[in-house]
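As written in TrEMBL, here are the features:
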SIGNAL    1-38  signal peptide
DISULFID  76-404  disulfide bond
DISULFID  270-284  disulfide bond
């Protein structure tokens, strides 16, 4: 049974289980915990709950939210929906679990002889329940994320999700994505006959994990330490240094025993406990809202330089997916013009934050005038590029193609809307939330005609350095 999820939930059961000799420290933690999570939950970047972008779902997971109705005239009928989803809430990866284990073991050793350090003692008593075998797998909450998203989508577009419509369901090969696809299908329920109870989830890594198949991206960005220069510089910068010193002091550890990666693991444990178990973890008590903003920026810097606007290849590698979307939209328009049934009315694909972020960058969304740098943290306080607002767990980008009657020109007959995380996204060419399909296609004509995955992803000549190429 799904329980209500509120950011102010208190981790009282964890507290109750701890040893009596820690009472003073625990009482202090108990008092600050509810405040801790409530103030931090907006800064967890790609580890954010979907409810952070749609708060109305906390009280009603099936609510379509304010302004649920589209701005299209009644004479428009949806022909095709193409959704690219990020998987639901997941467990930490094996690497993150390993680092958390190291930090926890260090606190255990220190707590043995440091009764005067309540925060360290309390965290040493925290039950380390994560195991490496969980390695990024879908959590039970992740299944609920997907089932509920499917139900909301069907309620928003009932004509498309009506019985006997064909659903094409694809996923990356990762277990969390395959399970998310299956959960999405389950959410549509037995009343929708998509050709049998179990729609097979097709594995399509060439579209959902295009980044793995792009040699230039892998060599020059993914596996190139110098490409993350801004991220590494920020880890050593004054903002992170301040957070490090504060956390070291709270844990009664020498500051040399901590680094940015370990502090980030502690912060992300706070995010995982909230997203997976809906509890406020004792780990949250180490951080203030200002600390959280610094750690969010560290996460966003990595996303920016690895998946966003940092290097052209990040987004250019997604043109294989972008073009595939338009090929299906083109086909639906052609079929409609010929009065044929639409062969693919529903296409739902499950990938990763790393699938959606480059695609949105390719389309030009959330681009700041100034790049994100290690040195401009304060100036970027109001940046557009905030990964937690763009690609939280269960993030979704949806293209909806409509056929409209009673229009003035033939161009207006086919119109399109774009939704990000279930909110209408204004088009960059018009700042409107509805566009003729012709205008949208014209706006992206260069990308559709000239962005060729094979050529984009070819490795540069051997004598060109990685930095020169980027």
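Placed from the backbone N, Cα and C atoms, the Cβ positions cover glycine too.
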Rounded distance in angstrom between the Cα atoms of residue 404 (disulfide bond) and residue 284 (disulfide bond): 51
Cα-to-Cα gap, residue 270 (disulfide bond) vs residue 76 (disulfide bond), nearest whole Å: 46
Count of other CB atoms lying within 10 Å of the CB belonging to residue 270 (disulfide bond): 25
Cα separation, residue 76 (disulfide bond) to residue 284 (disulfide bond) (Å, whole number): 48
Candidates 76, 284: member of the disulfide-bonded residues with the richest Cβ shell (10 Å): 284
